[in-house]
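Lifted from TrEMBL, the feature list:
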DISULFID  C12-C46  disulfide bond
DISULFID  C16-C51  disulfide bond
DISULFID  C27-C36  disulfide bond
DOMAIN    108-181  domain 'ADAMTS/ADAMTS-like cysteine-rich'
DOMAIN    198-279  domain 'ADAMTS/ADAMTS-like Spacer 1'
REGION    259-279  region 'Disordered'
Amino acid sequence: GTWGSWGPWSSCSSSCGDGVALRSRRCLRSGEEQPCTGDPRQYRLCQLQGCPSGSVPFRAMQCSLYDNRPVLGTSARYRWLPFHGGQSRGGDGVTGAPRHHPNTPSHPALAAPNLCDLNCLAEGHNFYYSFGRVLDGTRCSPGSPDLCVGGRCLSVGCDGILGSGSRPDACGHCGSGRGSCVLVHRLFQGSDPSSGYLGYVNVTKIPAGATNIKVTDKSRNYLALMASDGRFVLNGDWAIARPGPYEAAGTLLTYSRAPDGTESLEAPGPTHEDLQVMV
């Protein structure tokens, strides 16, 4: 079978914060052909402006839709809070591990809850209830970068597509083929001039676009770093900088110096301009 072209992306599932957009395609085949292999739907992360302060978290909002509504086959009314598994927390007066209510047979009482089920804890009570799946674009758990889509917890690839498995290569490029980056490892050695001259000596140039940068030195000298415009970024003009973070060439540079004289410069990159390393 052969796939048709992808349709347009849908609008985002959320009005602020993180959400997902969907696009689909049709399988073009006749009765004699095999069905298409692959997924007819694709989801991507859409990041919008941050939600206003005080906004109710997305999962909590979904649980609250069932507040004071008849559930569990009784006339009892409850307020519902998100339940993520483990010990309950947060001012609800409940201790211990909440149990799953027996009226929902989709999960055994002792099973760990599915991250993409709408599991809600009855406030003030020691049980939770599953109201089906969470809406697409809900975080799998607090602080997790992964999102729920169709009841599955999916990671976002570097291409923004959920479940694609795409990861950046060592050069920080997404979806690049092999050979897209080159590992450069150089050792600089020099002897002190007999005249006793003191000054700055060029070691090497770190070119624009470099990533995973690490420079180390263990000598009586100090490392120095100069930007492409001739301005010193670190240890310039005979002044010794304090260890710590520095902004340079569009990346965050970390400078460390040990009591025995060992120094290091590290930066994830990529750099936006050439940097000159000196001692």
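Heads up, the Cβ atoms here are built off N, Cα and C, so glycines get one too.
Sequence features, as recorded in TrEMBL, placed on the structure.
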| residue | record | contacts (Cβ under 8 Å, 6+ apart) |
| --- | --- | --- |
| C12 | disulfide bond | G19, V20, A21, C46, L48, G137 |
| C16 | disulfide bond | L48, Q49, G50, C51, P52, S55 |
| C27 | disulfide bond | G1, T2, W3, G4, P35, C36, P40 |
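Note: the domain 'ADAMTS/ADAMTS-like cysteine-rich' (108-181) comprises 0 helix, 25 strand, 49 coil (DSSP; helix = H, G, I, strand = E, B). Across the domain 'ADAMTS/ADAMTS-like Spacer 1' (198-279), DSSP assigns 0 helix, 40 strand, 42 coil. Across the domain 'ADAMTS/ADAMTS-like cysteine-rich' (108-181), the model assigns an average pLDDT of 82. Looking only at the disulfide-bonded residues C46, C51, the densest Cβ neighbourhood within 10 Å occurs at C46.
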